[in-house]
């Protein structure tokens, strides 16, 4: 009986460990996404038709050919 209890305890521990490992991998992209939203909210951004070097500089539009525009 003690062996069965020990076996069940080990099995439960292994399942818990596997769940925690798999669950942790899924949370990371969400954290990065939310962190990006937070960082863009704190800083100034370039309005449409404004000059840009990187896509992150534009407000709600894309940076194409060094200008923030809806069509890129």
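Note that Cβ sites are derived from N, Cα and C of the backbone, with glycine treated the same way.
Look at Swiss-Prot and you will find 1-23 tagged as signal peptide, backed by sequence analysis.
According to DSSP, residue 59 (disulfide bond) is assigned to coil rather than to any helix or strand. The 10 Å shell around the Cβ of residue 59 (disulfide bond) contains 13 further Cβ atoms across the protein chains shown. What Swiss-Prot lists as disulfide bond is 45-59 (among others).
Long-range Cβ contacts of residue 52 (disulfide bond) within its own chain (separation 6+, distance under 8 Å): 46, 58, 63, 66, 67, 68. In the three-state DSSP scheme, residue 52 (disulfide bond) falls into the coil class. The disulfide bond feature in Swiss-Prot is assigned to 52-63 (among others); the stated evidence is similarity to another entry.
Taken from Swiss-Prot, the feature disulfide bond applies to 58-68 (among others), supported by similarity to another entry.
Counting other Cβ atoms within 10 Å of each Cβ, the disulfide-bonded residues 45, 58, 63, 68 show the lowest value at 45.
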